[in-house]
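**Student:** Could you have a look at this structure, given as structure tokens, before my questions?
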Amino acid sequence: MLSYRHGFHAGNFADVHKHVLLACVLAALTRKDKPLVVVDTHAGAGLYDLHDPQALKTAEYRDGVMRVWSAPHPPKALSPYLEMIRTLNAADGALSLYPGSPTVSRMLTRDQDRLIFNELHPADHGVLRANVSGDPRVAVHQRDARELPKALLPPAIRRGLVLVDPPYERDREYRETLDLILEAHGRWPTAVMMIWYPILSAGRHRGLVQGLARGGVKALLVSELCIAPPQTPMGLNGSGMAIINTPWQLDRTLADVQPWLHACLDPQGQGASTLEWQVPPQAG
Ligand code: SAM
């Protein structure tokens with residue numbers, strides 16, 4: 001069953017949180033000249049037209065990227081993300097295109113880097129393929145993400161990042177995601193891994209984060225941005241990202257970025273933003 005379509009949610013507050021973090025991690029990893037590889041296990045379509053009927057139906061981007069892109073005095077670490085959105089929309093100056101994670105990775109990496117994008121949904125896979133065609137750094141796959149560790153890891157370039165961003169349509173996806181990450185980590189222990197999760201009233205994300213912390217991973221940093229109290233029934237209350245092998249000083253960067261981002265995305269202050277080491281670097 002593949003009913004989730006990211007086009008309905010593109011540019012919402014959770015996408016902004018996720019992609020700002022991705023941009024900050026890529027900035028940290030591209031500081032050294034050495035090549036890196038990005039593996040995106042649930043890549044989506046890659047690029048979204050916010051005037052498309054899918055995006056307009058829910059218009060979630062209005063409470064997401066729309067709030068951030070014109071807000072005054074953003075922290076400096078947000079510049080790569082904001083510049084990327086401006087570059088994509090340079091033609092008419094208005095906000096109409098939003099980058100999915102593959103476009104973020106493409107725009108914020110270099111010639112020497114390699115990008116592996118996987119998307120199972122046939123329609124989104126086709127759009128993704130078209131969106132990245134002509135970029136010699138990219139390989140596109142259409143597999144069940146659970147097959148990826150065995151099929152693709154570790155890659156030939158041993159420095160890199162795995163982004164895991166499932167739709168969590170069914171409860172068992174939390175367990176499957178944990179299994180996927182621990183298998184991927186076992187095969188490629190030095191990779192930075194970013195695992196996105198939704199914060200819903202059922203609180204199933206807590207088992208996922210605890211499972212990671214008990215799974216023997218190093219330097220596990222957890223960033224959560226809530227726009228409503230976590231117990232609020234119905235709806236997406238918050239966005240979470242767990243980062244394994246967190247790059248050096250990323251916690252400092254995010255401590256600077258997150259309060260500004262939260263104030264922008266939750267102007268009524270109904271939720272909260274937190275940043276916590278679940279496994280501190282020195283204890284890993
Ligand atoms: N990472 C994307 C971004 O930030 O732009 C969004 C990804 S969206 C949250 C999740 C994607 O996973 C959907 O496009 C969905 O079709 C895909 N998907 C669902 N089940 C999958 C599976 N078992 N293997 C690979 N992809 C899957």
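Cβ atoms here come from the backbone N, Cα and C positions, even for glycine.
Straight out of TrEMBL:
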- D165: active site, proton acceptor (ACT_SITE)
- H19, H42, S101, E119, D144, A145, D165: S-adenosyl-L-methionine binding site (BINDING)
- Y4: site 'Interaction with substrate rRNA' (SITE)
**Student:** When you measure from the Cβ of H42 (S-adenosyl-L-methionine binding site), how many other Cβ atoms are you left with inside 10 Å?
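**Tutor:** Around H42 (S-adenosyl-L-methionine binding site), other Cβ atoms within 10 Å: 22.
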**Student:** In angstrom units, rounded to an integer, how far apart are the Cα atoms of A145 (S-adenosyl-L-methionine binding site) and the residue listed as 'active site, proton acceptor'?
**Tutor:** 10
**Student:** Compute the C-alpha separation of D165 (active site, proton acceptor) from H42 (S-adenosyl-L-methionine binding site), stating it in Å without decimals.
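**Tutor:** Cα-Cα, rounded: 5 Å.
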**Student:** I'd like to know which of the recorded positions E119, D144, D165 has the most other Cβ atoms within 10 Å of its Cβ.
**Tutor:** E119
**Student:** Please work out the number of neighbouring Cβ atoms within 10 Å of the Cβ of S101 (S-adenosyl-L-methionine binding site), leaving out its own Cβ.
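**Tutor:** A count of 24.
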**Student:** Do any residues at least six apart in sequence from Y4 (site 'Interaction with substrate rRNA'), in the same chain, have a Cβ closer than 8 Å to its Cβ, and if so which, in order?
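**Tutor:** The answer is P167, E169.
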**Student:** S-adenosyl-L-methionine site residues H19, H42, S101, E119, D144, A145, D165: biggest Cα-Cα distance, Å?
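**Tutor:** If we measure all Cα pairs in H19, H42, S101, E119, D144, A145, D165, the largest is 23 Å.
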**Student:** Can you tell me the three-state DSSP label for H42 (S-adenosyl-L-methionine binding site)?
**Tutor:** coil
